[in-house]
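A short write-up of the structure that comes next.
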Amino acid sequence: MQSLRWEPSKKDSEKAKIDIKSIKEVRTGKNTDIFRSNGISDQISEDCAFSVIYGENYESLDLVANSADVANIWVTGLRYLISYGKHTLDMLESSQDNMRTSWVSQMFSEIDVDNLGHITLCNAVQCIRNLNPGLKTSKIELKFKELHKSKDTAGTEVTREEFVEVFHELCTRPEIYFLLVQFSSNKEFLDTKDLMMFLEAEQGVAHINEEISLEIIHKYEPSKEGQEKGWLSIDGFTNYLMSPDCYIFDPEHKKVCQDMKQPLSHYFINSSHNTYLIEDQFRGPSDITGYIRALKMGCRSVELDVWDGPDNEPVIYTGHTMTSQIVFRSVIDIINKYAFFASEYPLILCLENHCSIKQQKVMVQHMKKILGDKLYTTSPNVEETYLPSPDVLKGKILIKAKKLSSSCSGVEGDVTDEDEGAEMSQRMGKENAEQPNSVPAKRFQLCKELSELVSICKSVQFKEFQVSFQVQKYWEVCSFNEVLASKYANENPGDFVNYNKRFLARVFPSPMRIDSSNMNPQDFWKCGCQIVAMNFQTPGLMMDLNIGWFSQNGNCGYVLRPAIMREEVSFFSANTKDSVPGVSPQLLHIKIISGQNFPKPKGSGAKGDVVDPYVYVEIHGIPADCAEQRTKTVHQNGDTPIFDESFEFQINLPELAMVRFVVLDDDYIGDEFIGQYTIPFECLQTGYRHVPLQSLTGEVLAHASLFVHVAITNRRGGGKPHKRGLSVRKGKKSREYASLRTLWIKTVDEVFKNAQPPIRDATDLRENMQNAVVSFKELCGLSSVANLMQCMVAVSPRFLGPDNTPLVVLNLNEQYPTMELQGIVPEVLKKIVTTYDTMMQSLKALLENADAVYEKIVHCQKAAMEFHEHLHSIGTREGLKERKLQKAVESFTWNITILKGQADLLKYAKNETLENLKQIHFAAVSCGLNKPGTENADVQKPRRSLEVIPEKASDEPGE
């Protein structure tokens, strides 16, 4: 128990020994110079690596275990040894009779009312199930029977000792235990300070104090003793981590949290296709429950295919098919009842009208009588250039349908027909079978009253982009068949995005999808298409994406599109296979730690109760972001599988990305679906999180979850994600700067030329800061995923001398806290202090220069935008023709996007710097490293150079 020995590769085995007392820390991951500089490091799993740091010079013994589980056991055991030395075993023995055991024993006593010293097996099982509802009764019973068998005792009675033993074995999650001892200084519980440190450093909870810590303990700690003393046991910690407070979905997004005052065309709109169908598209039944389900799910665009019905009552079904019919009036009744059940924002009724004039008038009567003043019939303002906002249209129902032209003076007129059913019928080869009039008329009569109900969603036929840019009105909507929309998405991605900045585009599934399968909505969202109509009755990946996507704004049916898709002058191509100009890529680090209570896949009776789970992590977004990685399979354990695998993804357009976790059962016949969870990137909470799994049809699977760790960092440098420790030391010469394009229009090129120096300055300020921060993190023994609070916590033990007096303190009275040496310190500490000083210099340089550089970039952007309106005529005067002129306009848009992006990146870097300073301050106080008398320095008080760069004013370009 006094030293650590190993078999050396060289002969001198006496040197292959480390005294336990000389161990400074046990560090997880590949976070030493030896690991970073080793050629085979990339082949070693981060989760299997750890290092023993020892001696006055902080040398490292770098080790790799065969599995993450083995690494965890070693790390935890060694940390106990360091804390308790020779007394470790005594300590662990005595801790068996601790707070947790007393509490479990108390549970036993409450059942054993007659004080017999034993309870029935049935009661014991029920009690453990109540404390841990995810456990199967059969598993608990089996555990008691195994224990009885090992002790050669028979019968159905359970003693106190047996009850405590089985509870400990079944209700202790090792991965949470390892986490607890990491923050509890190897105690068996977290006190309020430990919990504060966990919440701040790992979970990213702001404004934490002891009161909040105590509230959490009182809410989740099951034992009375723990509640009274302010201690959180392993059971309380598990309860907390499994509670909705620690779910992966950010609760801020559970309510409407986006700007709802933008034009309607700036939002993605949750949309349903042939809402009345509840099965397939050709023979399936029509039912009003289709509308109820869609509206309850937050859908904001439903479809009504209306045809002449018996007794002068219009009916809804898909023409030229064998689908059943429902009465139009009953559908309008249901819509009136549920229109604003899930959202107060506008509902669009897509009317596909095939009725005679007589029945059109009946439709109008029903809509006016039932929907009344909910109908929005205000004529569009020809002086405006954009649609009204969802905010303005709250509580309103919009009709999207054909409309008579303003030149039509009669009570009815001739318009073109839109008929999806006819196309499907032709595909099926079913013309003239069972259905009369199966070939659609190209034009039909429209009555004036119905035309007047259509205001800002007039259906028109799409011709081509250049025609639309010139003649389409902002209140006109085009519908695109999925096949045609895919063609435009692939051949004219830039035009499609620009088209959707002003006009609403509706995409509906190909008529070939007779089985009601769904298209991938991401294929059209990436082009900015707002209304992507889904078959809500068909579960699966595509519907998961749709439901997940619209969860990010209070499930109100509207999601604001990324700024790069809204700004009038911005360059974005939907099919980009690389980073997006003007957008900072993010690195998403996900560790799949464990799973809990996976159910058997439906219909998998053949394998009995055995589940062999593995997890896929999928990224859905623009083509450059689409990726997937999988864990290994854990054999025969669906209850508590441990995966312990880490993945890294580069996300180039975070605002359009989604993360999907899928759990599958590994079976040689065909892998079967267990559960999934889909979440927009913007809704991820970092830290240790539980992911509540859902079934194929979207229901929550009781007690089934994944336990994960999430971290998001910004990528530094270009190309592939950097190798740690290498790009940090990249010289200035190899730095990549954002490049501006030449237009070959002299006056405009001059303006952009002036922008190059401030762009370089902004990049240098940002990257110098980020590189210096990463260098400091590495010296603290942490990866680039860590934050500065975690760094200060990791390094604080090294700053204490043998008698626990600080060797280094932080002067928090300074605007940029300085490290002050207290007497003679080892070289290793001097190196940390020097690196810290370098980091502070880079933080200071950024904060003191950011405003001026930002202003220069914005000034160039404004100056360039002066040319925007007349760019065509200026280019023509300079002698540019057709292709070259078009290229110049594209280059102008690219440059403006780059300038906006660089200004934004500098603004974010400034906020990041302020956050870094705040973390250093709080961590210094929490760890007792602050210079006496400086702990109350107010980090929040306004200082000129700490002001956050203001958001762009409304008169700035692109607004």
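From the backbone N, Cα and C atoms, a Cβ is placed for every residue, glycine too.
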Range annotated as region 'Disordered' - as stated in TrEMBL, picked from 717-743, 933-959: 933-959
Correct range for region 'Disordered' (source TrEMBL, candidates 11-35, 411-435): 411-435
Integer average pLDDT (0 to 100) for the domain 'PI-PLC Y-box' (450-566): 94
Helix, strand and coil residues within the domain 'C2' (566-695) as assigned by DSSP: 10 helix, 59 strand, 61 coil
